[in-house]
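Below: one structure, written as structure tokens.
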Amino acid sequence: MKIPEDIKKRIEKLREEIEYHNYRYYVLADPIISDEEYDRLMQELIELEKKYPELVTPDSPSQRVGEKVLDEFRSVEHSEPMLSLDNTYDEAQIREFDKRVRKLLEKDTIEYVTELKIDGVSVALRYENGRFVLGLSRGDGTRGDDITENLKKVRSIPLILREPVTVEVRGEIYMPTEEFERLNEERKKVDGPLFANPRNATAGTLRQLDTSVIRNRRLDSFIYYVLSPERYGLQTQWDALKWLKKIGFKVNPYSQLCQNIDQVIDYWKQWIEKKSELSYWVDGVVVKVNHFNFQSILGSTSRSPRWAIAFKFPAQRAKTRVLNIIVQVGRTGILTPVAELEPIQLAGTVVKRVSLHNFDYIEEKDIRIGDQVYVEKSGGIIPQVVSVIADERNGSEKKIEIPSKCPVCSGKVGKIDSEDVALRCLNPHCPAKLKRALETFVSRGALNIKGLGEKLIDRLVDSGLVKDIADIFYLTPFELSQLGSGIGQKMIANLLAQIEQAKKTPLHKILTGLGIPLVGEKTARILTQKFRSIKRLLSSSVDELTQIEGIGIEIAKNIREYFDNEKTRQIIGKLEKAGLNLEEKEAVVQSKILSNLTFAVTGTLKNFTRDQIKQLVQSLGGQVTDSVSKSTDYVIVGDNPGSKLTKARNLGVKLLTEDEFLQFVKIDIKNLRQQKLF
């Protein structure tokens, strides 16, 4: 069938428009259309390409949306080695670097370009006639993995440049702080291993063979290097940064041209103070000789260029002693080693415990009980042991043995597959797994049974009263009274009332509480909107699940594996028999007053929890996001607001108090309470 010419032209036009709007949004940070208008353009393109698949090209913007499951990453040789950088934390050493450069070049002063050192993953991107054809990881510096398909999901990487040049560039892929925190929060809810920092999260994301994982994690990029710059008439690094932005790449806006080393040091000191204001982690400043002809004269060693150096920020670091290393067992059986420390003050908080992530990490760092260690707060958030002070060992230190059995149930331990870094308890009846599963099930984001705390859960499981999560709905006053001291009649009555109330929990929260790996609240909402009942979800196939926007192959397999388990089906049957709400009717939106509006919330609200205000906004046709951007319409501000307020003010986003929001939507809080909606 011959394709009409006007269809071909429309598809080309749509691609050009979408790439132009990507450029304005990601590179210029100045969008001129709404998210809804952008989505309409993308949807039209997807539908046309679905109808005329022969017109689909590898560089079409639609390829960012589709999903692929790769067999493996092929290894490709870099056209030019990706070298590492020498680094220093010391002002005297940066002056020594400048002195050495000036001496070799026989110059009194040298122009430098200073760029923020992003805590991410280095990549090489190749374009032919302006079209993205290959993306490589750094690998060993000589060869890297072909991660082209994954990099296509990073929206700020252009698939078509604004000029038809053939060029290779290099840059950093990173995960914004809010996305990193969201991802770790999601993983915490489903008992997944947490990422230590955004760099690890980025690296782990880019290594995924299932491209849907990348699409569901918001990665970003900054490009900073052009291979063979003389081909494009570029004489300096400063010129190169301007040219990169001009042809469509996202370039860090905080780079600075410095006339001498004093200005470099001033820049470094300025960003030591200001780095916490950024929406991504940085760990220093990269200092580069500006002129390319000077770079050529200086050359490189086999490991690093002589014309550049990383000027690292001083870490928030403290010295302490490892008192003990204990092993915790999570809901899915993951064994996590935790260091108990002599308490230290670090970045305004007392640190007593630090996760050691896994046993490979302990072996790599050679951490022993009794060691003196340095603990840092990466990005000012997560404390971790970064190094051991081996010189201070006295011989009394003890190596921890990798467990050969579960510390709780003495069951077998092992790894699920060769790529699994986590050691797990393989006993399906391990009481530690059940305890953690119950904690997830009754947590605030799920059934929200406040009376079921950690200590009571321990007693219920240890006594044998609770053998699975559904058993809590069959507890009797007499059984609870037999648990011993501290369990009075009033407490029993309150607990049973809360358990009864929990039967009315919305389906998406029940799904969240089940703890299916990688299924957090967002995914649970998607599943609820699609299937509306547990029974329909139970009968869904992997293929059916992967057709749903936001559900990739890994999540789909986890869902299927979870519900295929006979024990799970028994639990679902018990929950249904107990009277839980396992079916959700179609939501009836009374008003569309917030249609097409996007909100964010910061601070503590007096009338609503975060979940309740989110539910209210959604019921009125609006959306609630976890972060503030130019596409956010309003930020609802409560008591003790966080960084979202500052960002909203900087972006000019409208602010509403809680009362102003209620007036805006014409809702009386008293009526809401009378209707028991909140």
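First residue shown is number 1, and so on along the chain.
Cβ from N, Cα, C; glycine included.
Predicted, not measured: the structure shown is a model, and the values here were computed from it.
Summarising the annotation, Swiss-Prot assigns active site, N6-AMP-lysine intermediate to Lys117. As annotated by Swiss-Prot, NAD(+) binding site applies to Asp35, Glu36, Glu37, Tyr38, Asp39, Ser84, Leu85, Glu115, Arg138, Glu172, Lys288, Lys312, with the evidence given as sequence analysis. Feature annotation from Swiss-Prot assigns Zn(2+) binding site to Cys406, Cys409, Cys425, Cys430. Summarising the annotation, Swiss-Prot assigns domain 'BRCT' to 589-678.
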Cα distance (Å, whole number) from Leu85 (NAD(+) binding site) to Cys430 (Zn(2+) binding site): 48
Cβ within 8 Å of the mean position of the Cβ atoms of Cys406, Cys409, Cys425, Cys430: remaining residues of the chain near Zn(2+): Val329, Gly333, Lys405, Pro407, Val408, Ser410, Gly411, Val413, Leu426, Asn427, Pro431, Ala432, Lys433
Residues near Lys288 (NAD(+) binding site) in space but at least six apart in sequence (CB under 8 A): Tyr112, Val113, Thr114, Glu115, Gln237, Gln295, Trp307, Ala308
C-beta crowding around Cys425 (Zn(2+) binding site), within 10 angstroms: 26
Arg138 (NAD(+) binding site) - helix vs strand vs coil (DSSP): coil
The domain 'BRCT' (589-678) - residue tally per DSSP class, helix then strand then coil: 32 helix, 17 strand, 41 coil
Candidate recorded positions Glu37, Asp39, Leu85, Lys117, Arg138, pick with smallest Cα gap to Cys425 (Zn(2+) binding site): Arg138
Cys430 (Zn(2+) binding site), number of other Cβ atoms within 10 Å: 19
Candidates Lys117, Cys406, Cys409 (recorded positions) - the one closest to Glu37 (NAD(+) binding site) by CA: Lys117
Nearest-integer angstrom distance between the alpha carbons (Cα) of Cys409 (Zn(2+) binding site) and Leu85 (NAD(+) binding site): 48
Cβ-Cβ neighbours of the residue listed as 'active site, N6-AMP-lysine intermediate' (radius 10 Å): 21
Among Leu85, Cys406, Cys409, the most crowded of the binding-site residues [Cβ within 10 Å]: Cys406
Candidate nearest Lys117 (active site, N6-AMP-lysine intermediate) in space, where candidates are the binding-site residues Asp39, Leu85, Arg138, Cys406 and distance is Cα-Cα: Leu85
